[in-house]
Amino acid sequence: MSLRGVSARLLSRRSGLRFPRFPRTWSSAAAHTEKTQIRPAKSSRPVFDWKDPLILEEQLTADEKLIRDTFRNYCQERLMSRILLANRNEVFHRDIVYEMGELGVLGPTIKGYGCAGVSSVAYGLLTRELERVDSGYRSMMSVQSSLVMHPIYTYGSEEQRQKYLPGLAKGELLGCFGLTEPNHGSDPGGMETRARHNPSNQSYTLSGTKTWITNSPVADLFIVWARCEDNCIRGFILEKGMRGLSAPRIEGKFSLRASATGMIIMDSVEVPEENVLPNVSSLAGPFGCLNTARYGITWGVLGAAEFCLHTARQYALDRIQFGVPLARNQLVQKKLADMLTEITLGLHACLQLGRLKDQDKATPEMVSMLKRNNCGKALDIARQARDILGGNGISDEYHVIRHAMNLEAVNTYEGTHDIHALILGRAITGIQAFTVGK
């Protein structure tokens, strides 16, 4: 499906969802800054627009803008109204997956199988808008699109693609990705999950435990990576209800509370041979999935950072201390300038990386560089915004503290800040530093 085709689909689907209009509150005003600010008057001289400092808008295609704007409306009108209580009560709304499937934004870069087939930049713009609301919602979308649909599309058989991708694209099926284990986070090569082949009945028996798995408590499908008897790493498609398979929820999170996180416990789960992903047999499989997901994260975290910047700016303009707005304070202006600079540079780097991906010129090191940079900078921006809000900054009604808490997790998962530094260090020096003496 062409970009223009998916744009039309997004718009036509939107009317069917009948988005309600919610009264504007101060806490959501910053998210709508772009709608409420007066555009500079046209003149013969260029005028600096702080909302788009290096004119990113002109580098996007008409279809990319339309896709983004349509999804932005959905996120602000349907999701922003739910997130406060969802985060406060640690509730994941399954209906959101159906709604996103209706909009066509799940697995959006995949061509065929009910997917939209949009550009990598369009996908990045979608994650940016979603994480502007909440990192937990974006995490769900990233897992579904990059860690479940991508491996089935890239490493799966045609039968597997036909069987699973249409349902995943519609949101009828929700998936999760099992790689991290209790004793193996940054070192997936040490995984203890085992798959034993049973030639007599053409199946595999999986045993092991995965943890910190987004979507697992509510998942219908489980993409699980296990070490086989030949020492190869293979991917398996497990289905909810298989004997010996359970996915208990992890309770008490202070981050990503609007998404469901849990474990995958496999007690001699029998999986038919037809559920093995046939086109990969090494860690290149899960790493390829993670690189795809990390790309979406590089855009997404900047959406959260933008929300924090806009909220802090509006608060500094409205808040009067010592008879003047906080925004008159030089230290506050410096913080806002630093935030704007980092967001702008990050967005343009994301755009370049997206164009390179669509030309098959992107490398894992490029993704690591931006995942590391943008996550770290977004977390710093959220912390600075919370500081500008003073005591109000710790109230969830202003949303900034929620973004800060979420970004603590995002800066850690799918490769920590330091692990990505080692990936880059290896590329720079030619020497791996993940292990000592090897």
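Keep in mind that glycine also has a Cβ here, set from the backbone N, Cα and C atoms.
The model shown is predicted, which means the values in this text are computed figures rather than measured ones.
So that you can see what the record holds, here are the features copied from Swiss-Prot:
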ACT_SITE  GLU414  active site, proton acceptor
BINDING   ARG138, SER139, SER186, PHE287, GLY288, CYS289, LEU290, ASN291, THR292, ALA293, ARG294, GLY415  substrate binding site
BINDING   177-186, 212-214, ARG319, GLN330, 387-391, 416-418, PHE434  FAD binding site
MOD_RES   LYS51  N6-succinyllysine
MOD_RES   LYS51  N6-acetyllysine
MOD_RES   LYS65  N6-acetyllysine
MOD_RES   LYS240  N6-acetyllysine
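Structure coloured by features recorded in Swiss-Prot.
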residue : record                       : DSSP class
LYS51   : N6-succinyllysine            : coil
ASN183  : FAD binding site             : coil
THR214  : FAD binding site             : strand
GLY288  : substrate binding site       : helix
ARG294  : substrate binding site       : helix
GLY390  : FAD binding site             : helix
GLU414  : active site, proton acceptor : coil
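With respect to GLY288 (substrate binding site), the closest of these recorded positions in Cα terms is HIS417, chosen from LYS51, ASN183, HIS417. In this structure the alpha carbons, written CA, of THR180 (FAD binding site) and SER186 (substrate binding site) are 8 Å apart. Cα to Cα, THR292 (substrate binding site) and GLU414 (active site, proton acceptor) are separated by 10 Å.
Cα to Cα, LYS240 (N6-acetyllysine) and PHE177 (FAD binding site) are separated by 13 Å. Pairwise Cα distances among ARG138, SER139, SER186, PHE287, GLY288, CYS289, LEU290, ASN291, THR292, ALA293, ARG294, GLY415, the recorded substrate-binding residues, top out at 22 Å.
Put plainly, the recorded positions LYS65, ARG138, ARG294, HIS417 were compared by Cβ crowding within 10 Å, and the winner is ARG138. With a cut-off of 8 Å between CB atoms and residues at least 6 apart in sequence, the same chain places LEU290, ALA293, ARG294, ILE297, LYS371 near GLU414 (active site, proton acceptor), listed in sequence order. All protein chains included, ASN183 (FAD binding site) registers 11 other Cβ atoms within 10 Å of its own Cβ. Checked against ARG138 (substrate binding site) by C-alpha proximity, the recorded positions LYS51, LYS65, ASN183, ASP387 yield LYS65 as the nearest.
Distance noted between the C-alpha atoms of ASP387 (FAD binding site) and LYS51 (N6-succinyllysine) is 22 Å. Listed binding-site residues: GLY288, GLY390. The one with the lowest count of other Cβ atoms within 10 Å of its Cβ is GLY390. The shortest Cα-Cα distance from the residue listed as 'N6-succinyllysine' to any of the recorded positions (LYS65, PHE177, ASN183, THR214, GLY390) is found for LYS65. When other Cβ atoms within 10 Å of the Cβ of THR214 (FAD binding site) are tallied across all protein chains shown, the result is 23. The two recorded residues HIS417 (FAD binding site) and SER186 (substrate binding site) have their Cα atoms spaced 11 Å from each other. Looking at LYS65 (N6-acetyllysine) and GLY390 (FAD binding site), their Cα atoms lie 35 Å from each other.
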